[in-house]
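Asker: Here it is, the structure in full.
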Ligand SMILES: *Cc1c(COP(=O)(O)O)cnc(C)c1O
């Protein structure tokens, strides 16, 4: 499938020297937080495919949804604007939100921002986006609706490619990673990595650290997205995917999606000071906290391996919670 090239790819892989020494394990990070500035993070790898599909088919408005601090919505709005498309986002809120972080950027970049409540979001975000689309059609637009996190069969190809990029970087570096770890929120990032690992028999352990729903939920989501993506990979038509190789760890969700525990914020502080690397509170902070804990005695990742953690971005979501840090 064709895509646009707007992300800064390939993203660097760096060794985290101080954490590696502390953990007795070779720990590396892949800087998908460097994919861009306005478009930074993991979503742009998926959006490169969806944008191509939208524009090739004559659509001129992107509609998508997410939490109030959605990185996905911000990246969609930025990318749409870069291509001269209009954008509209449906954001889930509990109360009137302060204009900060990703929400501020959505407004700055000129998106039409709409709000809905938590129950409306979980029960009828699809219908609400469809109503928005209908409204825009009446004004003469041709709207393209992108699901939460751009996690559909086409979007996941962005992370299928990312695993290919990793395999090429391994050759250049003269090493192989036995384990790849990534935060999992809507499942498309994990699904692409998993699918490539399966189809190309890389034999890696690919671990998704859940930040919202449980393991069973994500196994189903990943299974369904990756089977869907096979349609775009004709050479693998009818391939059998090993469902038991989908490894989602749901022990580090904490007190809920986008809610932080003090120990998670302390961990973000620790990594910042040890490595000069800033994690976000919603995804990468929880996922790396999970990885760090699983590398402790009694954890389920053995010491001594070569581990690649994918930094999927999210920096703009850190500033709105700066007041929760204890100094
Ligand atoms: C969306 C997001 C993820 C999770 O990716 P999914 O494909 O939704 O599972 C991880 N990290 C960051 C920073 C994100 O914005």
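In case you wondered, yes, glycine gets a Cβ from its N, Cα and C as well.
According to TrEMBL, the protein carries these features:
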- 9-313: domain 'Tryptophan synthase beta chain-like PALP' (DOMAIN)
- 43: N6-(pyridoxal phosphate)lysine (MOD_RES)
- 70: active site, nucleophile (ACT_SITE)
Asker: Counting across all protein chains present, how many other Cβ atoms fall within 10 Å of the Cβ of the residue listed as 'N6-(pyridoxal phosphate)lysine'?
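Answerer: I get 35 for this one.
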Asker: Give the sequence-ordered list of residues that share a chain with residue 70 (active site, nucleophile), lie 6 or more positions from it, and have CB atoms under 8 Å from its CB.
Answerer: 89, 91, 102
Asker: For the residue listed as 'N6-(pyridoxal phosphate)lysine', which of the three DSSP-derived states applies: helix, strand, or coil?
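Answerer: In three-state terms, the residue listed as 'N6-(pyridoxal phosphate)lysine' counts as helix.
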